[in-house]
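Encoded as structure tokens, the structure appears first; notes follow it.
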Amino acid sequence: MKETPLSNCERRFLLRAIEEKKRLDGRQTYDYRNIRISFGTDYGCCIVELGKTRVLGQVSCELVSPKLNRATEGILFFNLELSQMAAPAFEPGRQSDLLVKLNRLLERCLRNSKCIDTESLCVVAGEKVWQIRVDLHLLNHDGNIIDAASIAAIVALCHFRRPDVSVQGEEVTLYTPEERDPVPLSIHHMPICVSFAFFQQGTYLLVDPNEREERVMDGLLVIAMNKHREICTIQSSGGIMLLKDQVFRCSKIAGVKVAEITELIQKALENDQRVRKEGGKFGFAESIANQRITAFKMEKAPIDTSNIEEKAEEIIAEAEPPPEVVSKPVLWTPGTAQIGEGIENSWGDLEDSEKEEEEEGGIDETVILDDTKMDTGEVSDIGSQGAPIVLSDSEEEEMIILEPEKSPKKIRAQTSANQKAPSKSQGKRRKKKRTAN
């Protein structure tokens, strides 16, 4: 599968950002991505993460016959594999030009620089020597493979332990880790590669380019150096012409970066060795326990927020006031009106109206009480007319009369009827007077 090319818009955007000294991940020109080193349960196994670029390093050893021209030296072998798991553009089982170039650069950086004492790998001169094999697997590709691979290779070699051997006459005895402690390799120094990407024919420079920056770069300069500022190898690719001052400046930057990376490697090795001695938990499972599959991880980028408030005030002062926007337009036509439009708010007058109603209610109660205070004779007359209400001097009957709401009205109606209609005795007396006359 071929690599997806960048569009013209993306290319122009990246180049313009580089001209303005800006990078997509928020780094500065000479900033490296975060480096994370984790070790496996076995010696010589590690994973190095350079940003999102991941490389797995594994070191193994075996006893073999030495080379004819170097009978007293061991053998170092490096192998870098680019699988489709890292990027779809990599083809499995095929030696691409990129893979060949990376393997050669690793051999020059680690084997030709004599960072490992190969004579200490000899067991019997001319017969048995140790062959150290370093296998590097690219797990994820996000640019700058050579830097991540060189760090993974040197970390795996420093972490590796070979079995102990003893020679008695012609007999060679190989001891297991349970019988004797494994022996570490003799390492003189740690060469580390630092990559520099050039743009616009060497006008602009970036350290540790990522995958998108590598697509638009014009040339690449790789400098392998140790913490003693000794250059192990240097390689330029891309066909650009570099000035002597540019190479010197890159070498100074590489010296600073290599010193920082070497210190990080030594701290990681010391921490792993201390955990193993104390009997604590170690391995890949412990190193990635916090990064669960279902969890999201967000990398924070530093942002300068010193002048944000001042700029915000300036923008607000310069901005024009927004026009008034009617959320719901109303169309006024003849014969239409809106309830509550133009009327004063009367919510505060509710208390006064409630007080007035209470006062009126008190007046009605006094009137009802006055009406109930009637003569006993009149009440007896009402009862003689067939009314069901009978009053007496007892307090219980008076309370029964006052409790219902309609009883006072009935009393009023009956009293008014008695006043208008004369009694039967009065009617008989009037008839007698008329007959006498």
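Glycine too: its Cβ is placed from the backbone N, Cα and C atoms.
The following features are taken from Swiss-Prot:
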type	residues	note
COMPBIAS	349-363	compositional bias 'Acidic residues'
COMPBIAS	413-425	compositional bias 'Polar residues'
COMPBIAS	426-437	compositional bias 'Basic residues'
CROSSLNK	Lys297	SUMO2 cross-link
CROSSLNK	Lys297	SUMO1 cross-link
MOD_RES	Ser65	phosphoserine
MOD_RES	Lys297	N6-acetyllysine
MOD_RES	Ser306	phosphoserine
MOD_RES	Ser346	phosphoserine
MOD_RES	Ser392	phosphoserine
MOD_RES	Ser394	phosphoserine
MOD_RES	Ser407	phosphoserine
REGION	339-437	region 'Disordered'
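Other C-beta atoms found within 10 angstroms of the C-beta of Ser65 (phosphoserine) number 13, with every protein chain shown included. Other C-beta atoms found within 10 angstroms of the C-beta of Ser306 (phosphoserine) number 6, with every protein chain shown included. Reported as a whole number, the C-alpha separation between Ser306 (phosphoserine) and Ser65 (phosphoserine) equals 67 Å.
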